[in-house]
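What follows is a single structure, and I will ask about it in a moment.
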Amino acid sequence: MAEGETESPGPKKCGPYISSVTSQSVNLMIRGVVLFFIGVFLALVLNLLQIQRNVTLFPPDVIASIFSSAWWVPPCCGTASAVIGLLYPCIDRHLGEPHKFKREWSSVMRCVAVFVGINHASAKVDFDNNIQLSLTLAALSIGLWWTFDRSRSGFGLGVGIAFLATLVTQLLVYNGVYQYTSPDFLYVRSWLPCIFFAGGITMGNIGRQLAMYECKVIAEKSHQE
């Protein structure tokens with residue numbers, strides 16, 4: 001037989017590097033989609049909590065006009081959640097400081113519960129003034145970071161997210177893109193940065209946990225190959 005016939009024309013297998021890159025791209029898309037829907041869900045849940053205070057971001061006549069309604073707020077929150085959740089583990093890898101504090105799903109679920117509780121407190125508890133509300137929510141938000149994160153990168157990103165998100169929100173309100181239903185605008189501004197900070201920490205923890213699961217899957221596949 002000829003030498004060319006000794007080689008079986010079986011299916012070619014991709015090398016471990018190509019397989020790893022493909023897996024990372026697919027897992028990145030999956031993580032982004034999961035984070036997006038989590039952000040949309042939390043936006044709707046937190047909006048229902050704020051309705052109790054009549055401070056919802058959604059005007060009551062949603063179907064009246066596309067421009068006067070805030071139907072796009074949940075998708076925007078979902079997109080921001082996806083970006084934040086993907087950014088946290090990326091920053092950890094870039095800084096060479098992998099986040100190893102309380103890396104289990106039970107801790108992540110408790111973090112989400114505390115975040116929802118902080119929002120519920122801002123909507124349910126009556127404070128004497130806006131300064132007291134701001135200080136209380138700031139303490140709760142920092143406590144959330146200390147309990148479930150404790151990383152310098154997480155704190156820095158949380159502060160940056162709170163600043164940028166609050167700035168964008170106020171610009172949209174001042175330009176009339178949407179409006180708060182509460183007449184007390186100072187009340188809204190007193191809790192908004194703290195909620196954004198806590199939300200950034202929460203989505204960062206979810207993103208880190210999803211990224212850790214991805215690393216386990218890729219490690220198992222490379223070990224099998």
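Any Cβ shown, glycine's included, is placed from N, Cα and C.
Heads up, here are the entries from Swiss-Prot:
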TOPO_DOM  1-28  topological domain 'Cytoplasmic'
TRANSMEM  29-51  transmembrane segment
TOPO_DOM  52-70  topological domain 'Lumenal'
TRANSMEM  71-88  transmembrane segment
TOPO_DOM  89-103  topological domain 'Cytoplasmic'
TRANSMEM  104-126  transmembrane segment
SITE      PHE115  site 'Required for the recognition of 25-hydroxycholesterol'
TRANSMEM  130-148  transmembrane segment
TOPO_DOM  149-153  topological domain 'Cytoplasmic'
MOD_RES   SER151  phosphoserine
TRANSMEM  154-175  transmembrane segment
TOPO_DOM  176-189  topological domain 'Lumenal'
TRANSMEM  190-207  transmembrane segment
TOPO_DOM  208-225  topological domain 'Cytoplasmic'
CROSSLNK  CYS215  ubiquitin cross-link
MOD_RES   CYS215  cysteine sulfenic acid (-SOH)
MOTIF     219-225  motif 'KxHxx'
With pairs closer than 6 in sequence left out, are the transmembrane segment (104-126) and the transmembrane segment (71-88) joined by 3 or more CB pairs under 8 Å?
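Contact between the transmembrane segment (104-126) and the transmembrane segment (71-88): absent, because fewer than 3 Cβ pairs are under 8 Å.
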Count the CB pairs under 8 A between the transmembrane segment (29-51) and each of 104-126, 130-148, 154-175, then give me the winner.
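Ranked by Cβ pairs under 8 Å, first place goes to 104-126.
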With every protein chain in view, how many other Cβ atoms are within 10 Å of the Cβ of PHE115 (site 'Required for the recognition of 25-hydroxycholesterol')?
24
Give me the DSSP three-state residue breakdown of the topological domain 'Cytoplasmic' (149-153), ordered helix, strand, coil.
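With helix first, then strand, then coil, the topological domain 'Cytoplasmic' (149-153) has 2 helix, 0 strand, 3 coil.
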Taking 10 A as the limit, how many CB atoms besides its own sit near the CB of the residue listed as 'phosphoserine'?
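Taking all protein chains shown, the residue listed as 'phosphoserine' has 22 Cβ neighbours within 10 Å.
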Give residue numbers and ranges for long-range contacts of the transmembrane segment (130-148): same chain, 6 or more residues beyond its ends, CB-CB under 8 A.
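That would be 101-102, 107-108, 110-111, 114-115, 118, 121-122, 154-155, 158, 186-187, 189-191, 194-195, 197-198, 201-202, 205.
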